[in-house]
Structure formats: structure tokens, C-alpha cells
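Let me begin by handing over the structure; questions about it come next.
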Ligand code: ADP
Ligand code: MG
């Protein structure tokens, strides 16, 4: 049995929540979502493991600023080259957050369902309470294997028709893999464009897909700045609107209150207005 000092004693009796973050269309914000939700959930006090299953396009390590620390990967664990705890990179800012990259390079080790399931079982044994899998784009065999241990899914889409159509396809695929607990995250929302009738509102997107809404994230240049700095938005001292929106989605995911910020802060009113606006409730 693997031991882990940093994470304390394993709570094997509680099953972890295993979620896959997926989309269908690439480049819509899966990795951004995995990094920011993962970091937020860790900050709420849970033990969180993030799995980068996007082989070949691995970049979750970059978003988290952990790229220099990836020595071993999941493939090394599967091949018996190292132990799981050696491949897990613990975040120095939040020690209850860990990252596991499945593969460092494009060499395509044939990762099986069994590999992924053994991995999540071992992570459960280490006491992780949330396991978020950043999924490869597309719907090939890599996708099927990556999602196999998941019990829940977060589908990321932008309010564009191509992304929505691909999200709808993925919903069907998840269902055929017995994943029925699916939530929607609408990313890169532009209130100005919605107002001009140039973009679908979040409510329109949600109604088209018929999936419960976890959150809506605005288009925000800070997302790109954060990516380049390797510092998730939700760690910023002065939160941006997109950071607040991610925090909010994380709180909803763990079943806490919807709004992170309290009445005293100016952000709440602002965020509430934006959220209402996204949902088309503005007066
Ligand atoms: P995926 O993992 O689905 O391929 P990423 O999370 O890597 O997508 O995001 C793709 C690109 O879009 C990145 O350059 C990222 O910085 C940018 N991006 C994602 N979400 C937003 C947003 N809300 N506002 C602005 N840029 C965003
Ligand atoms: Mg990605």
C-alpha cells in the first residue's frame, strides 16, 4: 500500500468523486477549467488529484506552473518504472492538490481502461476526494479509455454552434459509457455580443443541450495571462470576473453556496449582475 505523509491518512471509506472534463471540440477551455476548478476545490479544503489525460497535447502542468517538476508520468507507473507517489506532483501552494500527467510525449503507449481504473483506485486509496480528468479532445479510443473511471462529467462549450453540436455528441457518448451525471460549463461568454444578438445567451446554450448548468465563464484576457504565468486565475489576490466565475462553479460542484464573495465586497453585485445577464435575467 502506498503511503502518503503530506495527504494524511487515507479515508478509504469515502469514495472519491471522479469527474471527467470534456468537450468534443478542442480549444474551448477544458484544461483551463480543470486547472481552475481543481485549484478552487483544493482551496475549499478537499484533497484533489488532477489527471492530464490529453496525451501529446499535455499542458495542464503549464497552466499550474508545474512543468519543471514532471519527472515521471502515468505511463511510467503503468510500465512499473516508478511508484504512483513518485509520479504525483504536489502543488507547493496548496499541498492538497496534486497533478499526474499520463504521458510526457507523443509516443503513444496504449493506455487501457484497466490502466485508468487502476490509477483512480490507487488515488482513492491515497485519500483523494476529487479526481478531475482533463480529457483529450475528440471521441476516439483515447477518449473512451480516459473517461472510463469517471462517474460524472463536466462538458465545456463555448456559445458557438460548432462547439455546442460537438458537446451534444459527447453527451451521447458519455451516456453510452454509463455517465449520466453531466453538468455544463459555458466558457468565453461575451455579454456585449449577447446584447447585440450576436451570441447565444448561456440560457439558450443550456436549453439547446438540456444539461444542468454548473457555471458560465466570461471571455477574459486574464485567462491568457494566467496561462502564460502558470498561475491559475483563482489564485490571484485580486480576483478577476473569470476567477470569480470559476470559484463559483467550484462551490456549486462541491455543494456549497453559490457565491464566494460576501456582501461587503464590490464584486458580488458585479458578479451577480453579470451572471443574471448571462442567463438573460437582467431587468
Ligand atoms: P482545451 O483544453 O479545451 O483545448 P484550453 O483550456 O487549453 O482549451 O484553452 C484554449 C485557449 O483558449 C487557451 O489559449 C486559453 O488561454 C484560452 N481561453 C480559455 N478560456 C478562456 C476565456 N474564458 N477567456 C479568454 N481566453 C480563454
Ligand atoms: Mg487541453
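A Cβ is built for glycine as well, from the same backbone N, Cα and C atoms used for every other residue.
Dumping what TrEMBL says about this protein:
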BINDING   25, 26, 27, 28, 29, 30, 31, 32  ATP binding site
DOMAIN    19-233  domain 'CobQ/CobB/MinD/ParA nucleotide binding'
Radius 10 Å, atoms counted are CB only; among the binding-site residues 26, 27, 29, which position scores highest?
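Answer returned by the neighbour count: 29.
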Let me know the DSSP-derived helix, strand or coil state of residue 26 (ATP binding site), please.
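Once the DSSP labels are grouped into three classes, residue 26 (ATP binding site) ends up as coil.
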I'd like the Cβ neighbour count for residue 28 (ATP binding site), meaning other Cβ atoms within 10 Å of its Cβ, all protein chains included.
24
With respect to ligand 2, which members of the binding-site residues 26, 29, 32 satisfy a Cβ distance under 6 angstroms to one of its atoms?
none
Which has the fewest other Cβ atoms within 10 Å: 25, 30, the binding-site residues listed?
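Relative to the other binding-site residues in 25, 30, 25 has the fewest Cβ atoms within 10 Å.
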Can you list which of these binding-site residues (25, 26, 28, 31) have a Cβ closer than 6 Å to ligand 1?
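Correct list: 26, 28, 31.
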Taking only same-chain residues 6+ apart in sequence, whose CB is under 8 Å from that of residue 32 (ATP binding site), what do you get?
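Non-local contacts for residue 32 (ATP binding site): 63, 187, 223, 227.
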For the recorded ATP site formed by 25, 26, 27, 28, 29, 30, 31, 32, which further same-chain residues have Cβ atoms within 8 Å of the site's Cβ center?
23, 33, 137, 156, 187
Average pLDDT across the domain 'CobQ/CobB/MinD/ParA nucleotide binding' (19-233)?
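In the predicted model, the domain 'CobQ/CobB/MinD/ParA nucleotide binding' (19-233) has a mean pLDDT of 92.
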Within 10 Å of the Cβ of residue 31 (ATP binding site), how many other Cβ atoms are there?
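Other Cβ atoms within 10 Å of residue 31 (ATP binding site): 25.
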